[in-house]
């Protein structure tokens, strides 16, 4: 039961944050490209990789907490269905090349952001563990 509560809480926070970012206007951008959804999904790929690397390889997160963050927060924060809807909207406006670019950039850069999220987590956390070991030796 606890894991469902944590997933729900994480989901509520992720959905609220996504809505906030989605409704934030980027003053220098006025085009058709759905930049806010792209930013949300790319940052979500990065965040999910960091969380999973941290939970699985560095610290042993409680499974319920990991699910609350990964499934709840990141699952509600990112939005594949909105990306699909926005792609269809671009296609309905005969903006086929822009739709193609949107899907391509979303997938390719999503994978890159996930890769760099995993890389960043490993690098930062290995440094933290090294500092912790040095502190323990010094004491």
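Quick reminder: no glycine exception, Cβ is built from N, Cα and C everywhere.
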Original post:
Looking at 97-117, 118-138, which one is transmembrane segment according to Swiss-Prot?
Top reply: 97-117
**OP:** Count, for each of 1-21, 33-53, 65-84, the Cβ pairs lying under 8 Å from the transmembrane segment (97-117), and report the range with the highest count.
**Re:** 33-53
Subject >> Which same-chain residues, if any, lie at least 6 apart from residue 78 (Na(+) binding site) yet have Cβ under 8 Å of it >> reply: 14, 18, 40, 41, 44, 45, 48
Original post:
Name the residues of the same chain, 6+ apart in sequence, whose Cβ is under 8 Å from the Cβ of residue 75 (Na(+) binding site)?
Top reply: 10, 11, 14
